[in-house]
Each structure stands twice: as C-alpha cells, then as structure tokens.
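Novice: Before we start, here is the structure in question, set down as structure tokens.
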Amino acid sequence: VVIRAKAVSAKEVDSGNDIYGNPIKRIQYEIKQIKMFKGPDQDIEFIYTAPSTAVCGRLLDTGGKKEYLIAGKSEGNGKMHITLCDLVSTWDSLTPTQKKSLNQRYQMGCECKISRCLSIPCFVSSSDECLWTDWAMEKNNVDGRQAKHYACIKRSDGSCAWYRGMAPPKQEFLDIEDP
C-alpha cells in the first residue's frame, strides 16, 4: 500500500498476545488519507506500528498538520502496518520528480526490476532491470540522485531504463533501443 496521508491521533492498543501470553502493544494512528497511489479500493483509516523505534515502530507526528508518503502492508480491512523498514517520508521532503512520478511514471515500471549495486563494478542480468547505483556511487546513500530524480520505466521494446525529467517520457525515449 502506498498512500499520502496525515496522522490525526494516536493511541496504544492491545494487538493480541505473544507466545508467553503477554499482551502485544501497538500504536494505532487514525489517519486522514489524502490519496491512494497503490492499494485496496477502500480508504485506509488506521495505521498500526510497534510502540517504539527499538522494536521497529515508526513515529508519526499527529495533529493533522504534517503530510506523509507512507508505504506499508495492508490487512485489506482499512488497516495498514508500518515498520522502520517501510518507506515513510514527509510529503514536503519529496522532490518535484518524486511527486510527479507517484502520479504518472512509477506505474510504467511495475514490470521492471531494480537491482542494487552495492559496489563497483556491477551489471544488469536482463533487459528488464534498472541498475540502482546510489549506494555504490554516493557513499552508502539510499536517498541519492537516482532515488530523488529518476524513475525506472518500461519502454516499448520491453526493456527498462532510468528516465529523468518532469515531463512524461516522449515516445522517442520509449522506442529507443539502448538505455
């Protein structure tokens, strides 16, 4: 699930018991969903997370002032779960390219694979891959130039390539043979 939302309130709730019978606590954020980019047909009403970052919980600012881009897992019943491993960014921290790509370009890359390059040299193993080099080229930066300014999209020949730009890709880019 990928949504744009505001957290309006938070409360600690029981979420069943662990194997020893002790209650498992979760933070339940009531949210106001602004936009669904990927997910179920119904709005997400609640996001659940562990009660602290020590156990992989994500802390959201409540009060409905801060907008977030949140990627997490859905239960399919209006509930969503997030951990430290899920993408949670303030909307204002996204680049114009990232915001535009959420609405127009990322869906063009759903059949593409992004392969991480952890150290140079690295190569793609098939034409449906985009090689993500932020980690290797920018000193372990997971939020580098490619992440902020490019989208991996599928071209008309079935291959995938990084596209940079605010405008939708031109047909010439989609029809080109070499990435």
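Using N, Cα and C of the backbone, Cβ positions are placed for all residues, glycine too.
TrEMBL annotations: computationally assigned, not manually curated.
Checked TrEMBL, it gives:
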{"type": "DISULFID", "residues": "CYS112-CYS160", "note": "disulfide bond"}
{"type": "DISULFID", "residues": "CYS117-CYS122", "note": "disulfide bond"}
{"type": "DISULFID", "residues": "CYS130-CYS152", "note": "disulfide bond"}
{"type": "DOMAIN", "residues": "1-110", "note": "domain 'NTR'"}
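Each of the listed features needs to be described in terms of its position in the shown structure.
Specialist: Other Cβ atoms within 10 Å of the Cβ of CYS117 (disulfide bond) number 17 in total over all chains.
Neighbour list (CYS152 (disulfide bond), Cβ cut-off 8 Å, at least 6 residues apart, same chain): GLY109, CYS112, ILE114, CYS130, CYS160, ALA161, TRP162, TYR163.
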Novice: Fewest other CB within 10 angstroms, which one of the disulfide-bonded residues CYS112, CYS122, CYS130, CYS160?
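Specialist: Least crowded of the disulfide-bonded residues CYS112, CYS122, CYS130, CYS160, by Cβ count within 10 Å, is CYS122.
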